[in-house]
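These notes concern the structure reproduced below.
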Amino acid sequence: MGDLARLPLLEKAPTTHAGLLAWVEEVAELTQPDRIHWVDGTEEEYTRLTGELVEAGTLTRLNPELFPNSFAAFSDPADVARVEEQTFICSENQRDAGFTNNWMAPAEMKQKLRGLFAGSMRGRTMYVIPFVMGHLDAEDPKFGVEITDSAYVVASMRIMANIGTEVLDKITATNAFFVPALHSLGAPLAPGQADVAWPCNPDKWIVHFPEERSIWSFGSGYGGNALLGKKCYALRIASVMARDEGWLAEHMLILKLTSPEKKSYYMSAAFPSACGKTNLALLDPTIEGWEVETLGDDITWMRIGKEGELRATNPEAGLFGVAPGTGWGTNPNAMRAIAKGHSIFTNVALTDDGGVWWEGMTEETPAHLTDWQGNSWTPDSDKPAAHPNSRFCTPISQIDMLAEEYYSPEGVELSAILFGGRRKTTVPLVTQARSWTNGIFMGSTLSSETTAAAAGQVGVLRRDPMAMLPFIGYDAGDYLKHWISVSGKANPERLPHIFLVNWFRRTADGDFAWPGFGDNARVLKWAIERIEGKADAIETPIGFVPAGHALDLTGLDLTHAHVEDAVRVDREEWDAELASIEEWYAKFGDSLPEALRAELDALKERMADHS
């Protein structure tokens, strides 16, 4: 083992998995850590690591009376979000990465990365984190091992995934395949050099090698760049595995809706960021007798079941939510889960009594805070107290409304799939697709107007197919073909119905056309009644929308005319929309599925007859 005589922990490795041992040895030789620690996932280990992080200044321990066993971290201001421009899909063939991804030849990228990782863990501990996405006792568990030099990553991964000794034992016992996920902060320490609270490197690379199912992440300690089980594995690499193995890995929530008659239905829903995905996952219905429970708020893996049905599971163990806008008024269920503690907050503000705060958390703004950069803050300050992309990392088990089916390895049968964007005009409140392929067309053209939070021009349309634009691990046209192909593998009678929703439509005078939040349960109720063949709908060129009387408006100060306005299909608006879709589809070139081109042509014909 040559240079590894100084790494005695490798000799005492708690596994005999030859492939894993060889990889750990290779990484240790490359990165030169001072020591290796195999993560066991225990509470004792978590307590020790978080204690060390508090001593190092990386974590601040919160007031245990307010947030038990919870911590706040504050990142380098240059390390606050996913770095899409430095995220690469290095497929062997450039065509397989497609127009939505950055690409570099794998050999060239590996050479670059080896140069960056050489000696990158000097002076640090190398942590080996065995993890499984989803259930350890699933029929086909999806394993990963993350190597990192960040104890903050270890602590966060303990919340977000199933990690530790039990997972490693199963990887070893079954000689299982695992996704190797290598992460380094890129901040080696020379002997005697003082560390900083948030080590990182200005040169950041988040790289995926789809054919070999591997991930290399360098330079960032933040969220989706560093917790490699999340977007990197569960979406980018898993979407490629799903294509090859006949399933789907999607950026979706899963909810359970139970009617007054105690009949339950399961839905998944895809929304781009800032469109209310977590709020819908944790919905409090405003209609009597209907109940919502959640199975997940961000990632859904879907497989075809034994009877041709589409079954969904959530591969994650935690919530990694955007904090600003999550509040007692808008999402009390999320707040109740967070209030139980056992959470790590990143780039939020601190209250004077040792709690946390962010914009939108409470109606009243505290008179004084310490902002995410450590400055004294008052409501007169000209900058937000919490970073707009600040996060809470909380165990999903703390959600009171967590459905028991979350724990089932078989998952749940989906009755409906929702796609939703943020549009002031054009797109109705809710539209039922005519068919599976028509629903894929809706998903493929999903769009949102950019908000002030996004860089660039406000109000510009951003197409985001299935809300997966930053996460598709291969060519986007092939991805849409794969979605269409599911109908050929499934029982057509058991396929979920697809709906397009838009909670953000405005009236002519600029008000929201629909109250949203808990009242969105009324739209879900209509969708279920459509599936059951009970609710009335009006056929439009784009699909079926509710008849004015078909939405349950009990207790709302709305009329059937309001509903008719919220679902109106305007010919002029759609002429502009069709031109915009043409531009979008042109970007796919010859990888656009013929079936979607046919859907667009058919929609144009129907629209031509629409007054």
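Cβ atoms here come from the backbone N, Cα and C positions, even for glycine.
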Taking ARG48, ARG61, ARG82 as the options, which does Swiss-Prot list with TYR222, GLY223, GLY224, SER273, ASN389, SER390, ARG391 at the substrate site? ARG82
In Swiss-Prot, the GTP site includes ALA274, CYS275, GLY276, LYS277, THR278, ASN279, ARG391, PHE517, GLY518, ASP519, ASN520. Which of ARG243, ARG311, ARG422 does it also list there? ARG422
Just to be sure I understand the packing, how many Cβ atoms besides its own are within 10 Å of the Cβ of GLY276 (GTP binding site)? 23
Apart from LYS231, HIS251, ASP298, which residues in this chain have a Cβ no more than 8 Å from the mean position of the Cβ atoms of those residues at the Mn(2+) site? LYS230, ALA234, LEU235, ILE299, PHE471
Sequence-distant neighbours of ARG391 (substrate binding site) in its chain (C-beta under 8 A, six or more apart): GLY223, PHE320, GLY321, VAL322, ALA323, PHE345, THR346, ASN347, VAL348
Determine, to the nearest whole angstrom, how far the Cα atom of THR278 (GTP binding site) is from the Cα atom of ASP298 (Mn(2+) binding site). 8
Close recorded positions near GLY224 (substrate binding site), where close means Cα within 10 Å, chosen from HIS251, ALA274, CYS275, ASP298, PHE517: none
List the residues of the same chain that sit at least 6 positions away from ASP298 (Mn(2+) binding site) in sequence and have their Cβ under 8 Å from its Cβ, in sequence order, or write 'none'. HIS251, MET252, LEU253, LYS277, THR278, GLU316, LEU319, PHE320
Taking the centroid of the Cβ atoms of ARG82, TYR222, GLY223, GLY224, SER273, ASN389, SER390, ARG391 as the substrate site, which other residues of that chain lie with their Cβ within 8 Å of it, listed in sequence order? VAL80, ALA81, PHE320, VAL322, THR346
In three-state DSSP terms, ARG391 (substrate binding site) is classed as strand
